[in-house]
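Q: Before anything else, here's the structure in question.
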Amino acid sequence: MLAQSHFFSKSFDLIPPQSPALRSANPSLRISSSYSNSRLSFLSSSAIAVPVSRRRFCLTMASNSKRPNISNESPSELSDTELDRFAAVGNALADASGEVIRKYFRKKFDIVDKDDMSPVTIADQMAEEAMVSIIFQNLPSHAIYGEEKGWRCKEESADYVWVLDPIDGTKSFITGKPVFGTLIALLYKGKPILGLIDQPILKERWIGMNGRRTKLNGEDISTRSCPKLSQAYLYTTSPHLFSEEAEKAYSRVRDKVKVPLYGCDCYAYALLASGFVDLVIESGLKPYDFLALVPVIEGAGGTITDWTGKRFLWEASSSAVATSFNVVAAGDSDIHQQALESLEWH
């Protein structure tokens with residue numbers, strides 16, 4: 001995955017799918033996902049031609065040593081009505097992305113390697129464009145940062161920024177394994193206030209909003225407690241993605257847990273939020289790989305930070321520099337602290 005837009009050796013025609021209009025201006029619009037009893041529709045349009053420069057950005061972080069209190073997490077400037085509206089748009093984005101992804105899953109299509117040799121497909125590109133079109137039509141003052149095309153905003157910064165990863169786990173998508181997902185985050189003044197993990201093949205959608213309990217297909221969920229590392233189930237996508245130094249740190253945790261597991265991409269975090277695993281530890285993630293996970297994990301009662309225990313914020317600007325980050329997510333603050341102590345990352 002890349003932190004900024006790149007040119008591909010092959011071009012695709014990007015035409016978002018046609019669908020009914022999203023009633024985004026109506027505050028009473030329900031926030032249920034398409035996988036519960038009510039389906040959200042979304043605005044359709046052809047791909048919008050917006051000049052995209054190679055923008056870069058950075059992350060800053062704030063320390064956190066306590067389990068998040070979901071009753072006090074919403075920014076005071078943001079009303080419940082606004083948050084509900086943004087959640088409705090987020091669900092519409094996931095619907096649009098999922099419609100594209102299901103069209104191409106386990107089908108034959110061209111695969112292009114990016115500059116870092118990570119793969120991209122027409123499904124990645126079309127899914128991102130479908131989401132971008134909805135945001136531009138419903139929330140034109142918001143900025144967008146997508147994995148495939150980077151920063152999209154006429155301004156150099158914005159209070160609201162949507163961070164999109166149309167297919168987190170493209171290799172799993174290519175090989176027909178449904179553990180990939182669409183990641184959608186909304187940041188307000190640098191803080192993730194809304195996050196969605198959508199698995200369009202299994203039709204599972206996790207949505208987290210600061211100040212509210214995380215839901216899976218409309219039902220409240222929560223993480224589980226684990227008293228010590230020796231009883232923990234741990235996920236990471238692949239140990240081959242770690243640098244030598246990071247792999248040594250990871251191995252100190254791996255050697256203490258009950259069961260180390262591999263290969264789930266963003267789905268591992270969804271399983272953690274639902275109370276099926278205890279830890280997820282990964283290295284070298286870009287902002288679009290994990291910002292959507294923050295409200296989902298925290299709203300389910302878990303903790304997610306970098307390897308030093310600092311919480312994630314994104315201070316967006318057109319001239320910021322992108323870097324990679326190490327992420328540890330846990331079902332509760334106790335097992336999270338034990339993982340940090342074992343990582344010994346300074």
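Cβ coordinates come from backbone N, Cα and C, glycine included.
Copied straight from Swiss-Prot:
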| type | residues | note |
| --- | --- | --- |
| TRANSIT | 1-61 | transit peptide |
| BINDING | Glu147, Asp165 | Mg(2+) 1 binding site |
| BINDING | Glu147, Ile167, Asp168, Gly169, Thr170, Gly263, Cys264, Asp265, Glu282, Asp289 | substrate binding site |
| BINDING | Asp165, Asp168, Asp289 | Mg(2+) 2 binding site |
Q: Nearest by CA distance to Cys264 (substrate binding site): which of the binding-site residues is it, out of Glu147, Asp165, Asp289?
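A: Spatially nearest to Cys264 (substrate binding site) by Cα position is Asp289.
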Q: Tell me the coarse DSSP state (helix, strand, coil) of Asp165 (Mg(2+) 1 binding site).
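A: Once the DSSP labels are grouped into three classes, Asp165 (Mg(2+) 1 binding site) ends up as strand.
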Q: Looking only at DSSP and grouping its letters into three states, which state does Glu282 (substrate binding site) belong to?
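A: Strand, per DSSP.
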Q: I need the CA-to-CA distance for Glu282 (substrate binding site) versus Asp289 (Mg(2+) 2 binding site), whole Å please.
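A: That comes out at 10 Å between the alpha carbons.
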Q: The record names Glu147, Ile167, Asp168, Gly169, Thr170, Gly263, Cys264, Asp265, Glu282, Asp289 as the residues that bind substrate; what is their largest Cα to Cα distance in Å?
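A: About 21 Å separates the two most distant Cα atoms.
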Q: Calculate the distance in Å between the alpha carbons (Cα) of Asp165 (Mg(2+) 1 binding site) and Asp289 (Mg(2+) 2 binding site), and round it to a whole number.
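A: Rounded to the nearest whole number, the Cα-Cα distance is 7 Å.
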Q: Please report the number of other Cβ atoms within 10 Å of the Cβ of Cys264 (substrate binding site).
A: 22
Q: Spatially, and counting Cα to Cα, which of the binding-site residues is closest to Asp289 (Mg(2+) 2 binding site)? Options: Glu147, Asp168, Thr170.
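A: It is Asp168, whose Cα lies nearest.
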Q: Cβ neighbours within 10 Å, counted over all protein chains: which one of the binding-site residues Asp168, Glu282, Asp289 has the most?
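A: Of the binding-site residues Asp168, Glu282, Asp289, the highest Cβ count within 10 Å belongs to Asp168.
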Q: Counting across all protein chains present, how many other Cβ atoms fall within 10 Å of the Cβ of Asp165 (Mg(2+) 1 binding site)?
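A: The answer is 30.
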